[in-house]
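Peer 1: Have a look at this one.
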Amino acid sequence: MFALIAGIYSSTIPPPLVFLFLGLDNSGKTSALESLKVLHKAPGPSIPLNLIRPTMGVNNATFAINGRSLTVYDPAGRIEGRRMWGGYYKESHGILFVVEGLSEASTGARLEESQLVFSTVSASVPNKPIAIFVNCPDLERRSEIGKLVTEYFRVSFYEGRVKVFLGDVISGYEGKKEGAGEAIDWLVKMEALGMFNDGDDDRPK
Ligand SMILES: Nc1nc2c(ncn2[C@@H]2O[C@H](COP(=O)(O)OP(=O)(O)OP(=O)(O)O)[C@@H](O)[C@H]2O)c(=O)[nH]1
Ligand SMILES: [Mg+2]
């Protein structure tokens with residue numbers, strides 16, 4: 001009887017959504033994750049911004065947004081770490097791609113490398129939503145850098161599958177839904193609407 005009730009109960013609870021945080025090393029993936037844990041009151045401690053170190057391997061966290069449970073994987077962004085990214089594509093419902101929007105990092109080789117990595121990721125997951133979070137603490141230059149990334153990453157080419165969000169991670173730590181917070185809400189909404197669902201049967205529904 002207990003097994004029957006437990007079975008009925010578990011069949012009414014949707015499995016967690018899975019989101020993958022990608023982007024170059026030092027772009028702010030782990031900071032974004034930790035700020036989202038604060039914003040959404042995730043169980044357990046969150047790491048303060050000044051104690052976050054480069055990721056070796058993969059971080060993960062599970063928390064809820066509007067009652068829907070979600071799991072985030074946050075792998076290392078270094079070149080060696082990028083090799084493991086592909087192992088998470090299939091089970092992911094969407095991707096949050098972080099671009100470092102510091103003035104000096106948003107031009108030249110770093111932006112070029114970020115765009116190249118982004119285009120490889122978007123080609124590898126052709127039917128899943130990708131939120132680009134431009135992590136730009138410089139409020140005055142934020143919209144200019146956001147426009148630059150939008151054009152350079154050819155966001156309009158993706159016809160709604162890719163969307164840019166501007167902000168920094170401090171706002172999440174302060175409980176404000178801006179940048180990464182809005183990006184993750186958009187990913188949840190895209191999944192709820194069944195947008196860009198590639199019908200991958202192995203992925204949790
Ligand atoms: N002040 C400030 N510092 C930030 C912000 N975002 C990231 N940082 C800092 O930037 C550094 C790199 O951030 P991480 O979150 O470790 O970057 P990552 O993308 O996870 O890097 P890897 O783990 O190496 O792939 C950390 O020292 C953060 O404290 C921000 O919005 N404001
Ligand atoms: Mg990290």
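Note that Cβ sites are derived from N, Cα and C of the backbone, with glycine treated the same way.
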Peer 1: For the GTP site that TrEMBL assigns to G23, L24, D25, N26, S27, G28, K29, T30, N135, C136, P137, D138, which of the candidates G77, G87, G179, G181 is also assigned?
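Peer 2: Answer, per TrEMBL (GTP site with G23, L24, D25, N26, S27, G28, K29, T30, N135, C136, P137, D138), from G77, G87, G179, G181: G77.
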Peer 1: Going by DSSP, is C136 (GTP binding site) part of a helix, a strand, or coil?
Peer 2: coil
Peer 1: Any idea which of the binding-site residues S27, T55 has the thinnest Cβ neighbourhood at 10 Å?
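Peer 2: If we count Cβ atoms within 10 Å for the binding-site residues S27, T55, the smallest count is at T55.
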Peer 1: According to DSSP, does T30 (Mg(2+) binding site) fall in a helix, a strand, or coil?
Peer 2: helix
Peer 1: If you count other Cβ atoms within 10 Å of each one's Cβ, which of the binding-site residues G77, D138 has the most?
Peer 2: G77
